[in-house]
């Protein structure tokens, strides 16, 4: 027969709380690593994506979560170790905040998947005719270099196909494409692919598939990883919220027991209580006497 009291006593509750926080800390470290990896792996193409579908959005969420978890775990550990209810209330508030953030992020990512893909496609089509962008720190980036890197790495051309480059602002009167659209397997190492995009009659030498399907799938597979991380964190945070409320009740009960034991051990308090109790008994006796006398007087009348 399993003794539930030995498994779920006050000491075990606090131990479970600490163990859950260790798991929470590990998941926070994992989230931080994923965020840094997402930023470094997608940073080369970040200028081609809209803000709503930006790699930095997912990376920023993971980094924010990781750093916040470190702070939350520290607050929770100190709150329980010092039996400080204010710190524990702060811990509960932070956990609820993360639950809301991850819940909203998970639902939004599931509901607006197709809309985000269409926004990505429109942004890529717009950027084909944009020569450069200026970052928030004032640095100018030539989009032609970003497109060249994207097309060579993903072996694609344009958004839907190579015709997206025709009559672009780079060559408004010609059916040219960037040299990065040329498939290297059709060229020898000696001649290379220089000016191959200016051969409109040799379109078979170009990558035939557009970059949008590959780029969106590439981003989406990485975002799936983020969704898994947020889902795991969401479950852990719900568990921590329940355990933190249980521990808060344990601390309150412990404080009440401590105060009661101090009162019982304090002789002055005990004698004062006895004096007050005796005075209460005297007052009760007087009240009973007065009640009896009043009753007798009424009967005599």
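Placement of Cβ uses the backbone N, Cα and C atoms for every residue, glycine included.
According to Swiss-Prot, the protein has these features:
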CARBOHYD  129  N-linked glycosylation site
CARBOHYD  161  N-linked glycosylation site
CARBOHYD  191  N-linked glycosylation site
TOPO_DOM  1-16  topological domain 'Cytoplasmic'
TOPO_DOM  38-59  topological domain 'Extracellular'
TOPO_DOM  81-86  topological domain 'Cytoplasmic'
TOPO_DOM  108-222  topological domain 'Extracellular'
TOPO_DOM  244-301  topological domain 'Cytoplasmic'
TRANSMEM  17-37  transmembrane segment
TRANSMEM  60-80  transmembrane segment
TRANSMEM  87-107  transmembrane segment
TRANSMEM  223-243  transmembrane segment
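Across the topological domain 'Cytoplasmic' (81-86), DSSP assigns 3 helix, 0 strand, 3 coil. Distant neighbours of the transmembrane segment (223-243): 13, 16-17, 20-21, 23-24, 27-28, 30-31, 34, 38, 58, 61-62, 65, 76, 92, 95-96, 98-99, 102-103, 105-106, 109-110; these residues of the same chain sit at least 6 beyond its ends, with a Cβ under 8 Å from one of its Cβ atoms. For residue 129 (N-linked glycosylation site), other Cβ atoms within 10 Å of its Cβ number 14. Note on the topological domain 'Extracellular' (108-222): DSSP counts are 60 helix, 8 strand, 47 coil. Counting Cβ atoms from all protein chains shown, residue 161 (N-linked glycosylation site) has 18 others lying within 10 Å of its own Cβ.
Averaged across the topological domain 'Extracellular' (38-59), pLDDT for the predicted model comes to 66. For the topological domain 'Cytoplasmic' (81-86), the list of distant contacts is 248, 251-252, 254-255: same-chain residues at least six beyond its ends, Cβ to Cβ under 8 Å. Separation of the C-alpha atoms of residue 161 (N-linked glycosylation site) and residue 129 (N-linked glycosylation site): 15 Å, rounded to the nearest whole number.
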